[in-house]
Structures are given as structure tokens and as C-alpha cells.
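Colleague: Relevant sequence annotations retrieved from TrEMBL are reproduced here:
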| type | residues | note |
| --- | --- | --- |
| TRANSMEM | 24-42 | transmembrane segment |
| TRANSMEM | 63-87 | transmembrane segment |
| TRANSMEM | 107-134 | transmembrane segment |
| TRANSMEM | 155-176 | transmembrane segment |
| TRANSMEM | 196-218 | transmembrane segment |
| TRANSMEM | 297-322 | transmembrane segment |
| TRANSMEM | 353-372 | transmembrane segment |
| TRANSMEM | 392-409 | transmembrane segment |
| TRANSMEM | 429-452 | transmembrane segment |
Amino acid sequence: MEAADYEVLSVREQLFHERVRECIISTLLFATLYILCHIALTHFKKPAEFTTVDDEDATVNKIALELCTFTLAVALGAVLLLPFSIISNEVLLSLPRNYYIQWLNGSLIHGLWNLVFLFSNLSLIFLMPFAYFFTESEGFAGSRKGVLGRVYETVVMLMLLTLLVLGMVWVASAIVDNNKASRESLYDFWEYYLPYLYSCISFLGVLLLLVCTPLGLARMFSVTGKLLVKPRLLEDLEEQLYCSAFEEAALTRRICNPTSCWLPLDMELLHRQVLALQTQRVLLEKRRKASAWQRNLGYPLAMLCLLVLTGLSVLIVAIHILELLIDEAAMPRGMQDASLGQVSFSKLGSFGAVIQVVLIFYLMVSSVMGFYSSPLFRGLRPRWHDTAMTQIIGNCVCLLVLSSALPVFSRTLGLTRFDLLGDFGRFNWLGNFYIVFLYNAAFAGLTTLCLVKTFTAAVRAELIRAFGLDRLPLPVSGFPRASKKAQHQ
């Protein structure tokens with residue numbers, strides 16, 4: 001063999017080893033996410049559904065739980081996708097010739113983006129509908145009972161659903177773009193249909209993030225105020241403990257002497273109220289034992305951090321709106337070649353990249369909190385060891401829709417300059433200037449409105465409570481007028 005043949009074989013062998021290494025790394029990363037998600041779902045599932053007398057139902061629930069674990073792992077991977085790419089670029093930029101990070105390259109990052117896109121399509125279009133129909137199926141009438149009969153019914157239902165969705169997408173494409181070439185492109189199931197369908201789902205997720213994130217940003221302040229111990233100026237724990245003890249004593253007397261009241265009593269409701277008051281009193285005791293550092297430093301710092309992160313997010317979006325009006329390069333776009341380690345995607349270097357990662361995680365947590373705080377999805381909130389299987393499936397679908405839209409959401413708002421890789425950058429609506437501009441303006445306006453309203457209302461309410469103005473008979477904004485009976489007492 002000639003030297004050229006040896007060189008070709010060497011290049012092919014090196015390429016083969018790189019592909020094997022990337023497969024091993026991707027498998028290890030996904031296995032880690034899968035284990036974490038399995039532990040989380042195990043703590044939320046309802047144990048009675050997996051220890052039933054009917055082994056068939058228990059087997060079906062176990063299979064559905066594994067599919068939900070896979071979907072939740074993909075959702076977590078979609079959340080970590082953009083931060084991992086930004087950090088990898090900064091690491092390669094700082095240590096370009098380090099031997100121990102040679103495995104970290106653009107080919108690996110590009111492969112991870114493609115895998116997340118593929119598994120997201122697989123979970124949303126096939127696995128989660130299969131899991132739902134599988135848990136609800138009972139087998140065809142006249143067929144033999146068992147798991148296999150349920151599988152047959154689920155496959156038939158899934159095929160009918162696929163035909164229905166395919167027809168709806170085809171009709172929607174004909175209405176939006178009445179072009180023969182665009183309609184014929186949908187016949188290519190893999191190259192056009194799945195990306196087009198996923199583009200519609202991603203657009204729905206981006207709209208959901210637009211609504212839920214401002215709500216979550218406003219909700220973060222109230223949740224932080226409940227978890228942390230406030231300074232004594234803003235909170236009187238002694239008074240709350242006395243009130244809790246008096247209410248518990250009154251309820252205990254009503255339980256011990258039910259005949260003293262001429263109205264019928266709901267004893268079960270009274271017992272639940274007593275348990276809730278006891279739990280509240282234990283929490284208040286722990287808050288009272290908090291140190292002065294926790295009381296006077298922890299709460300102000302936490303509120304200041306939330307205010308800074310929220311204000312910084314709005315400021316970045318406002319700057320991005322101005323850039324959209326001036327520079328066409330500010331529009332989100334796809335990138336086919338992941339050339340990492342050449343230039344930083346932040347004007348502030350590594351410090352700016354860290355800020356970008358923190359803001360992305362902060363907005364994702366806020367969007368999840370806003371999602372579960374909204375009246376429409378509040379009933380979907382999971383409960384500890386008391387979440388039904390169908391509710392777990394619904395939570396996994398919603399979290400996957402939110403998380404898979406996070407890279408597009410972050411790039412559309414200008415939180416990062418890292419362009420979308422793979423099929424994430426093929427969405428048609430990303431090139432529409434009016435959609436991107438209105439989306440940025442709506443996010444900045446809604447976030448500012450929620451922030452001003454929530455922050456000012458919270459500060460006003462805390463100051464009124466601190467100075468005791470809520471006990472006055474005068475009507476105070478934010479507090480209901482005391483009744484005449486209460487005033488005479």
C-alpha cells in the first residue's frame with residue numbers, strides 16, 4: 001500500500017474513534033440525566049398505582065413511568081443544552097491546547113443538539129401519546145386480556161392520531177402557504193414533516209414562555225419572602241405564634257366539646273385545620289430561631305439578587321430591541337457549523353458568558369414557577385407521593401414543550417449570541433422581523449408591568465403591616481375594610 005492509502009486509513013480510523021468517543025460521552029450524559037429524573041419521578045408517583053393487586057395495571061404503569069423518565073431526561077437535556085454550549089466555548093477559548101479537554105469540540109456539541117431535537121420529536125409525537133393511550137387502554141372487545149392486547153389497542157389509536165395530526169398540519173400548511181411545493185414537501189416525513197410539526201410545537205412553547213415567565217418573575221419575590229426569614233421591621237413572628245396558638249386552642253375546644261355548638265361540625269375538616277396550624281407553628285418556631293445574619297442579611301440580599309437579575313433581563317431585551325431596529329445581524333438564525341473556541345459570544349468575555357448562563361437558568365425556573373402558578377395549569381401541579389400516572393404524563397409533556405423552546409426563547413430575546421445549531425435554526429418564523437420584534441417588546445412590557453406591580457404592592461403591604469396600619473378601621477389600599485361588627489368588638 002502506498003503512503004496516501006495509509007494516510008486515508010489513518011484519517012478514517014481517527015474519525016471512527018472520534019465518533020465512538022462522542023457516542024460514549026453522549027450516552028454517559030444521558031444516563032446521568034435519566035437516573036436523576038427517575039429518582040425525581042419516584043418521589044412524586046403514587047405508590048398505590050404500582051402495588052395494585054392487578055399485575056397488569058402495575059406493569060402498564062411501570063412501562064409508562066419509564067417513558068416519562070425518558071421524556072423528562074430529554075427535557076432536562078434541552079435546558080442544559082445552551083448553557084453547556086456557552087460554557088464549552090469559553091473553556092475552549094481559555095484552554096485551546098489543553099490535552100484533557102480534547103474531547104470537547106464542535107462536533108460533540110452539534111451532535112448533542114441533533115440528539116435533543118430528535119428525542120424531543122420522538123417523545124412529543126410518539127412516546128407520550130403512547131404512554132397516555134397505554135395507561136387508558138383495556139384491550140379490544142373480545143380479545144385476550146393482557147399487556148399485549150393493550151399494546152395492540154394503543155398502536156391503533158396512535159396510528160389514528162398520527163393520521164389526524166398529519167392531516168391538520170397539511171391543511172395548516174395549505175392555509176398559511178398555499179404553494180404546491182410547500183405542500184408536497186410535507187410528504188417527506190423525516191426531512192420536512194417532523195421539523196415543520198416541531199416548529200409549530202416550538203412556537204407554542206415560545207408563546208407559553210412569553211406568558212409564564214413574567215408571571216414567574218413576579219411570583220419569585222413572594223415565594224422568596226415565604227421561604228426566608230424577614231427582618232423584624234417587616235415581620236412580627238411573636239404575634240404570628242400567638243395567633244396560631246389561639247386558633248389551635250379554639251379548634252381543639254370545638255373538637256373536644258362538639259355539643260357546645262348548635263351548628264353541625266365537620267370533624268374531619270377541623271382535624272385537618274389543627275394539623276395545618278401545628279405545621280405552621282413548627283415552621284414559625286424555626287423561623288424565630290434564625291440568627292440575626294439570616295434575618296437581617298439573607299432576606300435583603302435575596303430580594304436584591306432577584307431584582308438585579310430581573311432588571312438585567314429587561315435591560316438586555318431592551319438593548320436587543322434597539323439592535324433589531326439598527327442591525328439585521330441581531331435576528332436569530334441557525335448555524336450549521338459549530339465552530340467553538342474561536343470567539344466569545346459575549347462582549348464581556350467569560351464574565352458575560354457566566355451572566356448569560358445564570359439568566360437562562362433564572363428565566364427557566366421563573367417560567368416553570370409561572371406555569372404552575374397560572375390558574376389554567378394549577379391543577380397539574382405534582383404532589384409528593386400523590387401524583388397520578390396521567391398527571392405525570394401531562395407534566396412531562398408540558399415541561400418538554402417549555403424546555404425545548406428555551407434555546408429559541410433565549411436567542412430570540414438576545415440573551416446570548418450563540419446561534420441555534422442543527423434543526424433548531426430551521427424554524428421559518430425565526431426569520432420574520434415583525435414576529436421577533438413584537439415578541440421582544442411584549443416580553444419587556446409584560447415583565448416590567450409585573451415587576452412594578454408586584455414589587456411596589458409587596459413593599460407597600462409590608463410597610464403597612466410593619467406600622468400596624470392594617471389594624472386601623474380606615475380603608476387602606478390593598479386591605480379589605482374591616483366590618484362594623486369587628487370595629488365594635
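Glycine is treated like the rest: Cβ placed from N, Cα and C.
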Colleague: Test of understanding: applying the rule of at least three C-beta pairs under 8 Å (pairs 6 or more apart in sequence), is the transmembrane segment (297-322) touching the transmembrane segment (392-409)?
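Modeller: Between the transmembrane segment (392-409) and the transmembrane segment (297-322), contact is absent.
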Colleague: Can at least 3 Cβ pairs under 8 A be found between the transmembrane segment (429-452) and the transmembrane segment (24-42), with each pair 6 or more apart in sequence?
Modeller: no
Colleague: In the same chain, who gets a Cβ under 8 Å from the transmembrane segment (196-218) while lying at least 6 residues past its ends?
Modeller: 117, 120-121, 124-125, 165, 169, 172-173, 186, 310, 313, 363, 365-371, 373-374, 401-402, 404-406, 408-409, 412, 423, 426-429, 439, 442-443, 446-447, 449-451, 453-454
Colleague: May I ask for the residues of the chain that lie six or more residues beyond the transmembrane segment (297-322) and have a Cβ under 8 Å from a Cβ within it?
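Modeller: Same-chain contacts beyond the ends: 217, 220-221, 224-225, 228-231, 234, 330, 355, 358-359, 362-363, 413-415, 437, 440-441, 443-444, 447-448, 451, 455.
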